[in-house]
Each structure stands twice: as C-alpha cells, then as structure tokens.
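Working notes, beginning with the structure itself.
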Amino acid sequence: MHRVYNFSAGPSTLPIPVLEQVQKELLNYQETGMSIMEMSHRSKTFQDIIDETKSLLCELMNIPENYEVLFIQGGASLQFSMIPLNLMHRYKQAAYVHTGSWSKKAIQEAEKIGTVSVVASSENDRFTSIPEINRTLLSQEIDYMHITTNNTIEGTRYVNIPETGEIPLVADMSSNILSEKYDVAKFGLIYAGAQKNLGPAGLTIVIVRKDLIGAAHSSCPVMLNYETYSKHNSLYNTPPAFSIYVTKLVLQWLKEQGGVQEIEKRNYKKAAILYNFLDESSVFTSPVHTTYRSLMNIPFTTSSNERNALFLQEAKKHGLEELKGHRSVGGMRASIYNAMPVEGVQTLVNFMYAFEKKYK
Ligand SMILES: *Cc1c(COP(=O)(O)O)cnc(C)c1O
C-alpha cells in the first residue's frame, strides 16, 4: 500500500492503526450488521461510543469534575461566535490576544457581539512571537480573555499560559490539543476543531467549566447555546457520529502510545530534529523567534520563491506532501501533529539535506 508523509495543516494525517480499524469495522460495526455511519445516534451502541470518547478525553487531559465536554459541529470557526454569545453576559466585554490569522477571525466575530479589547498583539513582529500581556488593560471589567495556544499558520506557541486570576481564560487549541500537557483547571474554556490533532473534520470539542454554562441571553439560538449540548449529552440533535467514532479511536491510540506525557516527549523530539537542521542550514531558515517556536506547525523558507517552488516539486516526488506554506506567510510549512511519526520528520530532514547539497 502506497502512503506518503502528509504534512498538511488540516485535515491532517491520522494514525495508520486507526484507519485500519475504521476499515475493518466499516461494514459491520461490532456485529451490529451495519456501519456507524448508518446507525441511529439514539442506539445503545452509539451512546457507548460518545460516552467512551468523553471519558477517554477526560482521562488523557486530566479534566476536572467541574468541566463538561461538548461535541459540536461548525468547526473552531463557529466557536468564534459561540464563545462571545455564551460568555459575554456580565460586562459585554472581553480581552483578546492577537497572535495571527485565527485570532484575528476570533476578534472580528466577538466584536459583533460585544466590546473587544486587544490586550496584546504581535502584529508589529509579523506574528513571529507571542506578546506580553498589558495587565493594566486586564483590570477592566471583562467576561473572559481569549488566547490561541498554537498559531497554526504563523508557527508560534505559548510557552507559558498567562495567569488571569478570576477572569476565565478561553483557549483555541485547535492545532495543539493533546500535543503537550496542559493544566485544564487554568482555563475556563478550551476548544478545538478535530481535524488537526484529534480526528476527521466535522467535530469540534469544547471543554468548559460548568459555571460558565447557562448564562447566554434568552434570544441565543438553541444550537448556539452551550446549555443545549450540556443538558442533552451533545445529543440534542444528530451529532457528527462518524467523526466522534474516529476520534474515539484516535484517543485510544494516544492512550496506547503512553498518553500525553509520552506524545509530548515525542513531539519535542520531532520538532528538534527539524529546528536543529534549520538552524544549521545554509539554504533554509525559520522565521519564528526561537522561544516561541511551535511543536506542531513549522514554517520555513529558502531565499527565493523559485527555489521554494523547486523544493515543493521535488519533495512531492519523494512522497513528502502538503508542504506548501499558508498563502499569507509563503514558503513552506511542515505540520507534524501527534500522528506524524518521527521517521516522517527524519525523512523530510534527510531530503532537505540532500536538496541543500544539490542546490547550494
Ligand atoms: C484550523 C483552525 C481554526 C479553524 O478551524 P475550522 O474547524 O476550520 O473552523 C481555528 N483556529 C485555529 C488555531 C486553527 O488552527
């Protein structure tokens, strides 16, 4: 079977054992004689799947009792609207840290619901770092503060999670959930689209502190209200059943790998292989400040667009796919999520080394 190393930012590579399990169970799920895709979401079989997915996530992330896990559709992008709709209830004001394209979209949506104060921005730095937060702005009456723990497009990450005291901290973890250890208790709400580090597209995970649920305005549409999902175990209407099922398998796989602690070690190792090479290279460079370098998305470039194009073309011939950088940044980007094996990164670096020798 021919498989490439797929460095796509999302949807992205999934563990092979998971895909094989899906294939095995596709026509006849555990002797039910039908596929998960064809099964009622009210069946006992599917109930078990949703419950197990939730409990696996709680176990892997060590989620405290006073949090709910919700399964929602609409992608992380819908959370840009749902968060202010549900959490901007007291002061109608929130603080946002602006660290790239995704935080910009989050800010734009929140501004439609209430007042946004941007308490820090790395825009002047072309988003190659994570900014310090202006604490004087935080002392205002705000409902929450929003950060993007990993900036998928720019390739930066928070090394330290900011302390916000009583103010709930909301985090977009779409591109680095379960990639490193986080203390969930530091957050009021964590959200992530599944298609990067969790499973297939169509599912968004929201982990929210229970006291933050139930304060949405009465005019809030039922499908945009966290309370609807929490009251009905995310089964108010038909959930993205197949995506939840595959996510369950990914979580089982992660547990078998040794959980977050082990995968974090592996992620540091993978990222180091690529960054160490970039730092030594005479052809490739990384645009991101050393301190804030992402473990998941690694942008890099040569000195010219022509050479970048040649690199991408030759990489493809070697089974190294989806390395083109985001159009807003240019160059290349390797997304090396949990499911990317160490060998994938090593193969990429070996190829880059050979390319460098040939075209220096
Ligand atoms: C991909 C991504 C999004 C958007 O996700 P969708 O599920 O496509 O809406 C938002 N935030 C971050 C950090 C992302 O990486």
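Any Cβ shown, glycine's included, is placed from N, Cα and C.
Model, not experiment: these values are computed from the prediction.
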Recorded pyridoxal 5'-phosphate site member, picked from D125, D172, D183, D211, that accompanies A76, S77, W102, T152, Q195, N237, T238 in TrEMBL = D172
By a three-class reduction of DSSP, T152 (pyridoxal 5'-phosphate binding site) is assigned coil
Would you kindly give the Cα-Cα distance separating R42 (L-glutamate binding site) and N237 (pyridoxal 5'-phosphate binding site), rounded to the nearest Å?
-> 10
Which one is it: of the binding-site residues W102, D172, Q195, whose Cα lies the shortest distance from the Cα of R42 (L-glutamate binding site)?
-> Q195
Among R42, A76, S77, T152, N237, T238, the binding-site residues whose C-beta sits under 6 Å from ligand 1 | A76, S77, T152
Could you state the CA-to-CA distance between W102 (pyridoxal 5'-phosphate binding site) and K196 (N6-(pyridoxal phosphate)lysine) to the nearest Å?
-> 14
Show which residues of the chain containing S77 (pyridoxal 5'-phosphate binding site), separated from it by at least 6 in sequence, have their CB under 8 Å from its CB.
-> K105, G193
